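Peer 1: Quick one: the structure is below, and I'll ask about it shortly.
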Amino acid sequence: MNIHFFKYQGAGNDFILIDHSASPIKDIDYEWVKKICDRRFGVGGDGLMFLTSHPDYDFEMLYFNSDGRPGSMCGNGGRCIVAFAKHLGIIDKETNFLAVDGPHYAKISAEGNWVELQMIDIDTIGRDGEAYVLNTGSPHYVARMENLATYDVYHEGKAIRNNETYKKEGINVNFVEDKGDHLFVRTFERGVEDETYACGTGVTAVALSMALHKQQSGHLKTPVKVLGGDLSVEFDYNGRQFTNVFLCGPAEKVFEGELNW
Ligand SMILES: N[C@H](CCC[C@H](N)C(=O)O)C(=O)O
């Protein structure tokens, strides 16, 4: 079977997107997903998604990490699949869709390249030593530091992801440097097992953790720089719960093509 695919990126977090109604694949083979995500033997991507129809929502997002396995929520993937749904004509200015962590609301610009995605509410942020640990749809570890530009994110992130506490389930490891008017974030991603250029659930976890750390509350907007560009996280915090959490940033179609199943 020939499969038409689209390649999207959001702040450098890149994904292969497939409209399942046009390519009705029955059994999704993890090894195939892994190969298509490989940057040398395949198309290349941090993950692969199927957009499928759903009786109660505009569409459903099925997400796989580049290791071929189903991932937990992907924030930048969520933003990219909203742009893809607009491209396909399934939605116009806003949407309610279903992902692995539940329903999501999102708004998209008229040009279709800027997406504001609502993330789950958060009421629990744990600690692991100095670091913060929370689940924003995916599990995240957040460590503050200085001189992040030259830090060995790959080896340090990999060591935390594979330590006794996190080895079994894995965790995404974020490092953040507070630059005053913005946060600079770098992430080692579980399921990619490498540093990526951006991680949406990761920058969300970082923005919430830093609000807690700095004892800020009210309606907050946090600009974040990542290796692949700029994102921002907007939310309300009343000292107990984070609500109306929106991950905002670019989502762009890069190219499309045909794959053989
Ligand atoms: N890149 C993603 C995270 C993917 C989740 C994955 N790494 C996992 O833990 O299953 C994001 O933008 O939120």
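Placement of Cβ uses the backbone N, Cα and C atoms for every residue, glycine included.
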Peer 1: Pick from Asn96, Asn163, Asn172: which one does TrEMBL list with Asn13, Asn65, Gly75, Asn76, Glu189, Arg190, Gly200, Thr201 for the same substrate site?
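Peer 2: Within the candidate list, TrEMBL flags Asn172.
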Peer 1: In terms of DSSP three-state secondary structure, what is the assignment for Cys74 (active site, proton donor)?
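Peer 2: DSSP assigns Cys74 (active site, proton donor) to coil.
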Peer 1: Return the single residue from the active-site residues list (Cys74, Cys199) that has the minimum number of other CB atoms within 10 Å.
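Peer 2: With the active-site residues Cys74, Cys199, fewest surrounding Cβ atoms within 10 Å: Cys74.
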Peer 1: Given the substrate site residues Asn13, Asn65, Gly75, Asn76, Asn172, Glu189, Arg190, Gly200, Thr201, which other residues of that chain have a Cβ within 8 Å of the mean position of their Cβ atoms, reported in sequence order?
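Peer 2: Counting only non-site residues, the set is Asp46, Gly47, Gly71, Cys74, Gly77, Ser138, Thr187, Val192, Thr196, Ala198, Cys199, Gly202.
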Peer 1: How big is the Cα-to-Cα gap, in Å, between Gly75 (substrate binding site) and Cys199 (active site, proton acceptor)?
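Peer 2: The separation of the Cα atoms works out to 7 Å.
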Peer 1: Other than its own, how many Cβ atoms are within 10 Å of the Cβ belonging to Asn172 (substrate binding site)?
Peer 2: 27
Peer 1: Excluding near sequence neighbours, so keeping only residues 6 or more apart in the same chain, what lies with its CB under 8 A of Arg190 (substrate binding site)?
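Peer 2: Residues satisfying the criterion: Asn65, Ser138, Pro139, Arg161, Gly170, Ile171, Asn172.
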